[in-house]
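Only one structure is covered here, and it is reproduced in the block below.
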Amino acid sequence: MSTGNAATRGSAHFGTISLAMVTPFKKDGSIDLDAGVALAGHFVDEGCDSLVLAGTTGESPTTGATEKLDLLRAVRSELGDSVKLIAGSGSYDTAVTVEMSRASQEAGADSLLVVTPYYSRPSQEGIYQHFTTVADAVDIPVCVYDIPSRSVVPVEPETLHRLADHPQIAAVKDAKGDLAAGMELIENTDLAWYSGDDPLNLPWLAAGATGFISVIGHVATRQLKQLRDAFDAGDIATARSIAVQLQPLQKAQARLGGVTFAKAALKLKGKDVGAPRLPIIEPTAAEMDQLAQDLQAAGV
């Protein structure tokens, strides 16, 4: 049985309004640390209380360990304790994940986002041992990232119940969308729950989630904060209205993919953070025109 208030559980380490931040690149393709620091500060000013660095939207598959850690150190140095920093440290290799998790802790991360091992399709016992091995190696909280659309294998509820018993495994970022299973886990464990899929931000809050880790927030952080504030105040009608208003952004993200959407949307808003690294590509001119219409329709 859980203890404490589910709505605030985990917020001290993972925040409540979070963004899976892009990694800015220069024209030559190298990482742009100055732009990364400036962008992080912008999102904090807009209302984020935590940021995920080196997550999927941060192009973790195509950035090296040194780049990831340099960005983490730079943002921590500039922003201090004004924002919770969640470091994406997961991979399909447990030993590499342990190494990256330890390095991220040393670089100043408040917590870790560890994705389910992808491509290799491990068993539930393998998934359990992967996460507990990582958690045993660090002293900061771990968030399990359950995203079967990318990892193929989901983290089953029974496995999450087992993982919840580990003192360092403190949260779940859910991109699976099983609200019924999630509610049961929120009710009967101490895991903090985060929506990892923007269309389900409001439904997950209603189910007892602590918050959300957004992609559309790259251009809609203020609106997401307004949604959260309205929900906390019991004004569900306003929260729902904001959620509906943001649907054009959700559709654009689904159409373009998270990285392409976020970087292109920022460019349209006057923040050029560089092109994605291959195999992710920039949108076509026609796609940019449609995205501009989507931003206008969403009021951002």
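Glycine residues also receive a Cβ, built from the backbone N, Cα and C atoms like all the rest.
Look at Swiss-Prot and you will find Tyr145 tagged as active site, proton donor/acceptor, backed by sequence analysis. Summarising the annotation, Swiss-Prot assigns active site, schiff-base intermediate with substrate to Lys173 and lists sequence analysis as the type of evidence. Feature annotation from Swiss-Prot assigns pyruvate binding site to Thr57, Ile213. Residues or ranges marked as site 'Part of a proton relay during catalysis' in Swiss-Prot (evidence: sequence analysis): Thr56, Tyr119.
Features as recorded by Swiss-Prot, highlighted on the structure.
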residue: Thr56; record: site 'Part of a proton relay during catalysis'; Cβ within 10 Å: 22
residue: Thr57; record: pyruvate binding site; Cβ within 10 Å: 24
residue: Tyr119; record: site 'Part of a proton relay during catalysis'; Cβ within 10 Å: 11
residue: Tyr145; record: active site, proton donor/acceptor; Cβ within 10 Å: 26
residue: Lys173; record: active site, schiff-base intermediate with substrate; Cβ within 10 Å: 27
residue: Ile213; record: pyruvate binding site; Cβ within 10 Å: 30
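Among the recorded positions listed (Thr56, Tyr119, Tyr145, Lys173), Lys173 has its Cα nearest to the Cα of Ile213 (pyruvate binding site). Separation of the C-alpha atoms of Tyr145 (active site, proton donor/acceptor) and Thr57 (pyruvate binding site): 13 Å, rounded to the nearest whole number. Of the recorded residues, the residue listed as 'active site, schiff-base intermediate with substrate' and Thr56 (site 'Part of a proton relay during catalysis') place their C-alpha atoms 13 Å from one another.
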